[in-house]
Protein chains: 2
Amino acid sequence: MINVAVLGYGTVGSGVVEVINTNNELINKRVGDTVKIKYVLDLRDFPGDVVENILVKDYDVIVNDPEVSIIAEAMGGIDFPYECAKKAIAAGKSYCTSNKELVAKHGPELIKLAKENNVNFLFEASVGGGIPVIRPINESLTPDDIVEVVGILNGTTNYILSKMAKEGSDFDTVLKRAQDLGYAERNPEADVEGYDACRKIAILSSLATGKYVNFEDIKTEGITKITDVDFKYANLLGLSVKLFGRFKKVDGKYFAMVSPVMIDKTHPLYSVEDVKNGILVRGNMVGDVMFYGSGAGKLPTASAVVSDIVEAARAIGRNINIIMSDEKLELSDISEFESRFFVRVKNADKDAIESVFGDVEIINLGEIDDEVGFITRSMTEKAFAEAESKFDNVITRIRIM
Amino acid sequence: MINVAVLGYGTVGSGVVEVINTNNELINKRVGDTVKIKYVLDLRDFPGDVVENILVKDYDVIVNDPEVSIIAEAMGGIDFPYECAKKAIAAGKSYCTSNKELVAKHGPELIKLAKENNVNFLFEASVGGGIPVIRPINESLTPDDIVEVVGILNGTTNYILSKMAKEGSDFDTVLKRAQDLGYAERNPEADVEGYDACRKIAILSSLATGKYVNFEDIKTEGITKITDVDFKYANLLGLSVKLFGRFKKVDGKYFAMVSPVMIDKTHPLYSVEDVKNGILVRGNMVGDVMFYGSGAGKLPTASAVVSDIVEAARAIGRNINIIMSDEKLELSDISEFESRFFVRVKNADKDAIESVFGDVEIINLGEIDDEVGFITRSMTEKAFAEAESKFDNVITRIRIM
């Protein structure tokens, strides 16, 4: 018998209970033992719910119960989950979490503590919802030097961008609808400003390099400045606009960034639409591999948490080697990172543009006569900023991959 | 020190040596020990090659060396690899293979033997080349009842179909070119008749259900009957033709099949082009997840073999639980399986077609005036065969998903 406690009975926490109850027989067979949910921690009451009789309000009841060997957390926030994780690990229990803030901030320390205590700190659900990506990087792509990771890591922004592309609507209209449908929070900042994607690419970069990439070091741009007019150009060019979390190793330097990026239809992430997520990983031996699926949602995310519970249950008494040390990885100055840029500029003619950017093809939407668009050659962020500063009428610029 | 022997120094075997040599430091760090290739088995000599001094021609040298703990096989064939695997496991060594014929035929027995001997039989490279898919199914999708697997599992046929779609060329022309480029064998039967995809979907079906799906029970159709005219209809309909290995659980019944299938652009496998592979797995909790990458090629496939070596090295003294028993899974009669069908028929009018198939939309290519195409409603293989038999002039039919 493997006794599990679930912290938080919100969307994901209740999903964890549902997954374990629904596929109980199958999960027990795969674990080789009986998995039982002994406690659910939540401050609320749930009269009539299946967990009614196993609800507790005091974490100490769980952490002091020697019968509990695995704790699955789906609470959100940082300080309390961090305390819970440390206490659980110190008490010889494995800790599985969907909490990306916790992993991005304290992952390396908790991984180290778990190793010292011969238990496990697992976090498959923290990136890509139900998509297996943390474990494949840690346990499958082991022969490879991971030189690049590109991901659509946030379902809310991908939904918004997909709808803007299809419907020609503006950002505010689609955001409002996403909020009404429950795809976006009332306070959408963490999603639309790219903060969520930033934490996720920080976690993936840390796994890729085996060192700690601090999310606070990653240049992060959201999608709030993307307009319906940008999509008119994108459609004309056959491009799609996605919010990418990117990590790239170039000549021994490491770069990471979150920003909107335009891609064409040959890119493997081109057809990742709506709330789906996709993560492309490039290894120096295996080439490109891509993982795709539901990046959020109750049952997909819960499935990923339960996959950690199953792995922790199979590994009781043994630490699974996750190589993500607390040694910090120094990211290179993003101003040296190279991209091509799509640029929209007001009241500028081809000669003025080409005197700064060199030969470009001018894109004219037709319906708007006081602006033009163009695509630059590949140039560093710094060189682009210098060139851009020579115009006082740049409307927007979006990187192109 | 972990001593490894590589059986076969062909494309994949030499790739294994190259991957280990190139990423040596990184692999050792991830294993937590030094991985050393002690022997390469091949009947040929390779004067001047890096393996010149570790070549052996007698397998007994390897299997009788107590220092060797992991054997990686990339030979092809069945009988000799099967003997090698049994001897290795009996001698307490783990066996990692890219050999799909071996896994499809003897996988459950070798998994069982490995368990009894507390070693491992691993086969990530047997399906999907470099794409992590075996381990994600076995170790990540553990909370899920896997109800469907759909895969583009053969790079050669996907290359041929992609080129036919893009260029309008006929099958023989593209096959010839694929052979000249080394993408297809001189004897292309195993690929173009679907036999290779059949073994791979058998392996995935076995993993999905935990029982043994015999590849010989799987109805298998290749792509040799697909013509350039079929692609004219496909293009008109916005569809793509792919060779799919399929496994599906429907109302407690299990179906498996290999056949060409038409899909539209909303299908996650639509944009898997050329020699790439893609595998879509549907779980009852996680929904659809998709894995994409290089389905063949020296270094991608070798990377997957080395990922097994790393896993076996990390697990020395411990069996990794792979749930694929030797209990046979009875597949249901494929005649009960339902699809829609695209049909081309010669010299038949709408009334004659609709009297048999019900209301259909007639598709007229224009340039060919003695035939029409149409798409049926969803019907069983049996019902379709009965309906089709009422016409003596059906040119072709392709299933639609």
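Using N, Cα and C of the backbone, Cβ positions are placed for all residues, glycine too.
These numbers come from a predicted model, not from an experiment.
According to TrEMBL, the features are:
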- A:Leu7, A:Gly8, A:Tyr9, A:Gly10, A:Thr11, A:Val12, A:Gly13, A:Ser14: NADP(+) binding site (BINDING)
- A:8-124: domain 'Aspartate/homoserine dehydrogenase NAD-binding' (DOMAIN)
- A:Lys100: NADPH binding site (BINDING)
- A:132-310: domain 'Homoserine dehydrogenase catalytic' (DOMAIN)
- A:Glu185: L-homoserine binding site (BINDING)
- A:Lys200: active site, proton donor (ACT_SITE)
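A:Glu185 (L-homoserine binding site) counts 13 other C-beta atoms within 10 Å of its own C-beta, drawing on all protein chains shown.
Look at the recorded positions A:Lys100, A:Lys200 and count other Cβ atoms within 10 Å of each Cβ; A:Lys100 has the fewest. Within the same chain, residues at least 6 positions away in sequence whose Cβ sits under 8 Å from that of A:Gly10 (NADP(+) binding site) are A:Asp42, A:Ala74, A:Met75, A:Gly76. Confidence for the domain 'Aspartate/homoserine dehydrogenase NAD-binding' (A:8-124), expressed as mean pLDDT, is 97.
Cβ atoms within 8 Å of the centroid of the Cβ atoms of A:Leu7, A:Gly8, A:Tyr9, A:Gly10, A:Thr11, A:Val12, A:Gly13, A:Ser14 (the NADP(+) site) belong to the same-chain residues A:Val6, A:Gly15, A:Val16, A:Asp42, A:Ala74, A:Met75, site residues excluded.
Taking only the Cα positions, the spacing between A:Gly13 (NADP(+) binding site) and A:Lys100 (NADPH binding site) is 15 angstrom.
Sorting the domain 'Aspartate/homoserine dehydrogenase NAD-binding' (A:8-124) by DSSP state (H, G, I as helix; E, B as strand; all else coil) yields 58 helix, 21 strand, 38 coil. Counting other Cβ atoms within 10 Å of each Cβ, the lowest count among the binding-site residues A:Thr11, A:Ser14 belongs to A:Thr11. Long-range Cβ proximity for A:Leu7 (NADP(+) binding site), meaning a same-chain Cβ under 8 A and a gap of 6 or more residues, is found for A:Gly13, A:Val40, A:Leu41, A:Tyr59, A:Ile62, A:Ile71, A:Ala72, A:Glu73, A:Ala74, A:Met75, A:Pro81, A:Cys84. A:Lys200 (active site, proton donor) falls within a helix when secondary structure is assigned with DSSP.
Here the candidates are the recorded positions A:Lys100, A:Glu185, A:Lys200. The one whose C-alpha lies nearest to that of A:Val12 (NADP(+) binding site) is A:Lys100.
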